[in-house]
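Okay, so here's the structure we're looking at.
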Amino acid sequence: MPLAGIDLLIIAAYILFICWRGIRARTSYHTADDYFLANRSLSWPVIGLSLFATNISTSSIIGLGGSGYKTGISVFNYEWTGGIMLVFFALFIVPYYIQNRLTTMPEFLERRFDHRSRLYFSIISILINVLIDIAGALYAGSLFLRGLFPDIDLFVFVGIMAFIAGLYTVVGGLKAVVITDSVQGILLALGTGIISVTLFMKLGSWGEIQAALPENFLSLIQPMDDPLVPWPTLFVSLPILGFYFMCSNQHMVQRILGARSVEDGKKGAIFAGFLKIPILFILVLPGTMGLLLYPNLENANLIFPTMLYDLLPAGLLGIVITGFIAALMSSIDSALTASGSIATLDIYKKMTSPRSERHFILVGKAFIIIFVSIASLWAPFIEQFPTLWEYLQAVLAYLAPPVVVCFLFGLFWKRASADGAFYTLGLGSLFALLTVINNYLYPVFGTIHYLYSATLIFLFSSIVMLLVSLLSPRAQEPARENALGTIAETRQQLSHSATSLQTGYFSSKEFAFFVCMSTLVLVIIFW
């Protein structure tokens with residue numbers, strides 16, 4: 001459908017503002033740490049909004065709404081469990097990361113274990129960021145905007161969005177990204193909230209909506225054989241995926257690493273956990289209620305764009321499209337900065353002779369340009385895969401568990417060894433590959449739901465870590481400069497650090513309690 005002049009004006013003004021604000025945010029970067037971690041100067045509200053905008057990507061908007069339309073609100077289980085995982089991350093892991101001045105997540109694996117684990121995780125992280133996060137966001141965005149510009153080739157739209165996000169990411173680094181993300185997070189919540197309110201006004205009372213929807217569509221807890229989220233997966237599988245995405249994924253954790261203090265890092269993560277609660281009302285429920293207005297959509301992923309174009313008047317349509325573009329830009333810029341950080345600091349810097357900090361900043365920018373180009377070329381081919389949301393979650397379900405085991409054991413178990421981590425990553429990935437072959441090519445043991453598969457891979461990887469670490473003589477673990485211990489070994493040092501002092505009117509523990517109780521109430525209401 002054609003856009004009104006006011007809508008086009010709003011969209012154009014937003015794109016120009018974001019480019020200007022992102023470029024203006026650049027500072028005089030003297031080190032790679034300044035460029036990739038924003039001088040470690042980020043406050044907790046900025047961190048929380050940036051994490052929210054990054055988490056709710058275009059893939060999430062299309063995927064959560066589509067799953068809500070197809071199966072009901074059970075897809076929200078991914079979000080509330082992720083919120084609880086953010087609280088866990090804030091209270092137990094954030095102080096450890098910040099106190100040890102980590103720059104990337106692969107760096108943790110090297111300082112805790114050795115270079116083999118770092119290199120493996122670096123390569124996997126870049127592949128996930130480029131081929132899934134960036135390309136997935138570009139594809140979802142193209143699916144959304146086809147309703148507006150059906151005559152424009154997919155490659156053209158992908159190229160324009162990649163160029164805009166790449167521009168302010170390359171020029172401004174992480175500080176430009178989190179500033180633009182904060183604006184985009186607010187716009188995103190406003191835009192999707194408008195659709196939600198419009199739907200409620202159009203459909204009548206909550207009781208009428210409940211009566212009209214299929215049975216169990218408004219229930220979070222589903223049977224063991226549910227095709228999307230079987231209830232047993234709430235206790236192991238979803239926390240595994242949540243831990244990977246919130247606690248070890250570079251493009252999420254990077255915001256925390258740029259915090260100006262431990263308390264800001266903790267509150268930023270908890271704030272992001274709190275912001276997951278409204279997702280039920282602004283993304284999932286609108287998709288579910290959309291079933292009542294559009295019961296015959298052939299592609300469930302089109303429910304959000306369909307409602308947007310049909311329900312919103314001129315002006316408001318421009319605001320919501322702006323919010324959607326905000327999510328697209330946030331997804332791309334966050335994955336780009338993360339990939340650039342890892343490629344530069346975890347791979348290139350380790351393989352070259354000492355160079356100036358300026359050199360590494362330029363190399364990081366070059367990597368960002370390369371990665372956004374690769375993602376732009378790959379994005380159109382995602383069209384040949386099945387449902388976007390389930391595809392993204394299934395990929396993580398097979399790739400994440402061995403990595404999660406290495407992080408958990410490295411953080412909480414002193415005996416976890418370098419050999420244990422190396423063999424866990426290698427054998428765990430091999431077991432995951434065999435599981436994929438069984439599930440999709442040769443179902444010798446029958447097809448296993450990808451979330452149940454994640455639990456099996458996690459258990460297998462844990463056994464490998466335990467056995468290899470216990471069988472590895474401690475004498476084989478050489479003393480290394482700047483090596484890391486467990487959280488327990490670091491806690492005493494942190495307790496005397498000025499950066500851990502409380503700031504503001506409430507503590508991070510009080511904030512965490514409030515978020516957990518709010519989440520519990522929501523889960524009980526929609527049980």
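Every residue gets a Cβ built from N, Cα and C, even glycine.
Annotated features in TrEMBL:
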TRANSMEM  6-23  transmembrane segment
TRANSMEM  44-66  transmembrane segment
TRANSMEM  78-98  transmembrane segment
TRANSMEM  119-142  transmembrane segment
TRANSMEM  186-209  transmembrane segment
TRANSMEM  229-247  transmembrane segment
TRANSMEM  268-294  transmembrane segment
TRANSMEM  314-338  transmembrane segment
TRANSMEM  359-379  transmembrane segment
TRANSMEM  391-413  transmembrane segment
TRANSMEM  448-471  transmembrane segment
TRANSMEM  511-526  transmembrane segment
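By the Cβ criterion (distance under 8 Å, sequence gap of 6 or more), the transmembrane segment (268-294) is not counted as touching the transmembrane segment (448-471), fewer than 3 such pairs being found. Distant neighbours of the transmembrane segment (448-471): 227, 229-230, 232-233, 236-238, 240-241, 390, 393-394, 397-398, 400-402, 404-406, 409, 413, 415-417, 419-421, 423-424, 427-428, 431-432, 435, 438-439; these residues of the same chain sit at least 6 beyond its ends, with a Cβ under 8 Å from one of its Cβ atoms.
Beyond the transmembrane segment (391-413), the same-chain residues lying 6 or more positions past its ends with a Cβ under 8 Å from any Cβ of the stretch are 59, 63, 78, 92-93, 96, 108-109, 112-113, 117, 121, 124, 128, 132, 136, 237, 240-241, 243-245, 247-248, 385, 420-421, 424-425, 428-429, 432-433, 435-436, 450-451, 453-454, 457-458, 461-462, 465, 469, 484, 486-488.
Under 8 Å from some Cβ of the transmembrane segment (186-209) lie the Cβ atoms of residues 14, 49, 52-53, 56, 61, 275, 278, 281-283, 285-286, 289-290, 292-293, 304, 307-308, 311-312, 316, 319-324, 326-327, 330, all in the same chain and six or more residues away from its ends. Taking Cβ pairs closer than 8 Å, the transmembrane segment (44-66) reaches residues 75-76, 79, 82, 86, 133, 136-137, 139-141, 143-144, 177-179, 181-182, 184-186, 188-189, 192, 245, 251-252, 255-256, 258-259, 263-272, 274-276, 279, 283-284, 286-287, 290, 299-305, 324, 326-328, 330-331, 334, 387-389, 392 in its own chain, all 6 or more past its ends.
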